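As annotated in TrEMBL:
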type	residues	note
REGION	1-27	region 'Disordered'
DOMAIN	33-125	domain 'TF-B3'
REGION	135-160	region 'Disordered'
COMPBIAS	135-149	compositional bias 'Acidic residues'
């Protein structure tokens, strides 16, 4: 037999083809958003079918997805697969009930990665709904952005009735103010 010499250097340990496939990042899905109109059948069946085009060209979904509204309301939803179809099943009816979804509402779903969807809900007047707060988050406090208009001051719960200017507080702390929605003594400064 003949000795063969090559100038090729080994790049290191050789990995199996299966390992190499796992290391490849998943390609960016071509479809990340969809709109769904709620029909009476969706409410009766207590499941919502994900559009076929999203299933075909969108991200590969795990068995559980998370739906999150703009106010931070989150629910885990179990996926049901029937052939090529994908349905939001277990947890969907609770999400629908919590948001009072009915025939004619439409939902805008935006996939954000890690099987998580941001959901914006519109009622039959084509206006965005007022979202409920998440009952599972008992310690929820409203957080306002620095540039957001709104409360400019609040009254302390101390007996001295001190009024705190929110602008001054922001300058001192450089943090977002936390305003407890349950507070009874709120004074808005001009």
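In case you wondered, yes, glycine gets a Cβ from its N, Cα and C as well.
Give me the structural setting of these features: burial, nearby parts and distances.
Counting residues per DSSP class in helix, strand and coil order gives 19 helix, 40 strand, 34 coil for the domain 'TF-B3' (33-125).
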Mean pLDDT for the domain 'TF-B3' (33-125), rounded to an integer?
96
